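What TrEMBL records for B:6-25, B:37-63, B:121-140, B:160-180, B:192-213, B:233-253, B:273-295, B:315-333, B:367-386, B:398-415, B:422-443, B:455-479 (among others) is transmembrane segment.
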Amino acid sequence: MSRSRRDIAWIPTFAVLVAFAVPWPLWGVDLTVAGLPVWIWWHVAWLGLCTVLFSLFVRSGAWERGMGRRPESGAGSALGGDRR
Amino acid sequence: MTLGLSLGIVVGYLLFALAVGLVAYRVSETTAEDYYLASRSIGTVVLLFTTFATLLSAFTFFGGPNLAFAAGPEWLIVMGTLDGVLFAVLWYVIGYKQWLIGDRNGYVTLGEMLGDRFGSVGLRALVAGVSLLWLFPYVMLQQMGAGEALVGLTDGVVPYWGGAALVTAFMILYVVLAGMRGVAWTDTVQGLFMLSVVWIAAVWVVSAVGGAGAATGAMLDARPDFGSFGGGIYTPGFIISTAITIAFGVTMFPQINQRFFVANSGETLKRSFVLWPVLVLLLFLPAFMLGAWAVGMPVDVPEGANVLPVVLNEYTPAWFAALVVAGAMAAMMSSSDSMLLSGSSYFTRDVYRPVINADASERREAWVARIGVAVFALLAFVASLFRPGTLIEVGDTAFSGFALLALPVLCALYWDRTTRTGMIAGVLVPQIAYLAVVLSAVVGDVPTLPRTVAGGWDVALGLMVLSALLTVSVSLVTARTADSDASRFAVTGD
């Protein structure tokens, strides 16, 4: 139960990932860092973060649980012994 | 001499792509499932790149840099957000769910899936019809992009219609000869090719102008407003509504949606999902920055030409510029092929067979599909000659049209209480309203209805909300029909 409750946290996480892929806090900022406007760096870093978190989402097994399925074992998922 | 070389490279590359498709065709079986879905046997790399290359169309490749050139590099943020993040989330929410359902019930098209769930041939044909309608401007967009690309590459020696005709001819040839397997394989080759070539181009151009810092400096000297985030056309309303309509629209594109059925395992979808944001960024960053940097370069972009080929012509050798344009045209061709192929399966499976001729032989159906593709591509070619808008405008129209399908489909996927009448109302009413908006701009005698309101908010976004409200409310007041079967969409248990 606690596992699926923790899975709920992915919904706001995805919402934040989508919402702040646009660098809203830097609206109107015109600073240039390392050859590019700083808000472009925000976006680059953010998409990197997305890939990291997406891979966490997949590896934790939340990918299957989100569709009401059991993660297949052996797919690199850290299931632990608490499934039974 | 250089002109001959450039054209030789372009045509040679297109022929090469055709050869890859033919080889793939030779190894394929001749069943419909293989022709359209490559027997659901597509692995991670191929799935990833075939989806990627499908997005890698004239819209991203020429339209994107053009917009960054005209309005600023914020386009990178818009496209990165919608494609890299929002689409990835939808890839899971819509795509994985569809894969699970399709895997159980053997569906090939979206219309087939919905028609079976709601026991309605009408809904099936409606979804297919709506999809084909919006596919038309998007195929046209590829022809416009190719026409403009060759004008830019050859300084106008090859006329606009020539490039558009060339890509149309290859498109038809390709789809008629290959199938999903062929398309998937060339997409992979082209995805990898374009990704490498666009980086080489960026490094080449940037080193020629003295580094990224100097390029950005020159850009800011020419257009100081490009440095700050937002401003000009990039209002919050524009950014949000463009990102939402395009990302949802992309999931309902026949060629993308059909990709949700082709993966060989759930693992394939997972891996693609994880790699997606980075892959998208790798393509968009150099392509769109080149477009934005071009404002600070001493290049002259003729009216109606694409920025990217002009910049490449200026800073890289002619053969390299030709190679990039060839790669882009081939990518557009394979995008169009995927579209035409999916479109033809929508037409034959969801309209022709269930509505027009239920007893057609397989042979006859195959002919109808091929003739349909040729007619569709030729009509789009004729329409592309009128150049009804910029690449971004035409693309956006198509994306929004598809986006209106997404929320009713989401309802059907996740809410058992959805009814057939609810689906039909949720699909049909917003489509009619949006079509009226689009056509009012084309037909001269009626007042043009606004496409955006209150500072860049797209009316299509409002119509998306309407589609969801209609689907839910009409479903609540109507009863489920006897033919509908919510268990068709169940994915748990065995």
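Cβ coordinates come from backbone N, Cα and C, glycine included.
Source: prediction; values computed, not measured.
Scored on C-beta pairs under 8 angstroms, the neighbour of the transmembrane segment (B:315-333) with the top count among B:6-25, B:192-213, B:398-415 is B:6-25.
Beyond the transmembrane segment (B:367-386), the same-chain residues lying 6 or more positions past its ends with a Cβ under 8 Å from any Cβ of the stretch are 132, 135-137, 139-141, 143-144, 147, 160-161, 164-165, 168, 171-172, 175-176, 336, 340-341, 343-345, 347-348, 352, 360. The list of residues near the transmembrane segment (B:121-140) in space but at least 6 beyond its ends in sequence, with Cβ under 8 angstroms from a Cβ of it, reads 57, 59, 109-112, 114-115, 252-254, 336, 339-340, 343, 346-347, 349-351, 354-355, 376-377, 379-381, 383-384, 394-395, 397-398, 401-402, 404-405, 420, 423-424, 427-428, 431, 435. In summary, the transmembrane segment (B:455-479) lies against the transmembrane segment (B:233-253): three or more C-beta pairs, each 6 or more positions apart in sequence, are under 8 Å. Residues 10-11, 14, 17-18, 21-22, 24-25, 28, 34-38, 142-144, 146-151, 186, 258, 262, 304, 329, 332-334, 336-337, 340-341, 344, 370, 373-374, 377-378, 380-381, 384-385, 387 of the same chain lie 6 or more positions beyond the ends of the transmembrane segment (B:160-180) yet place their CB under 8 Å from a CB of it.
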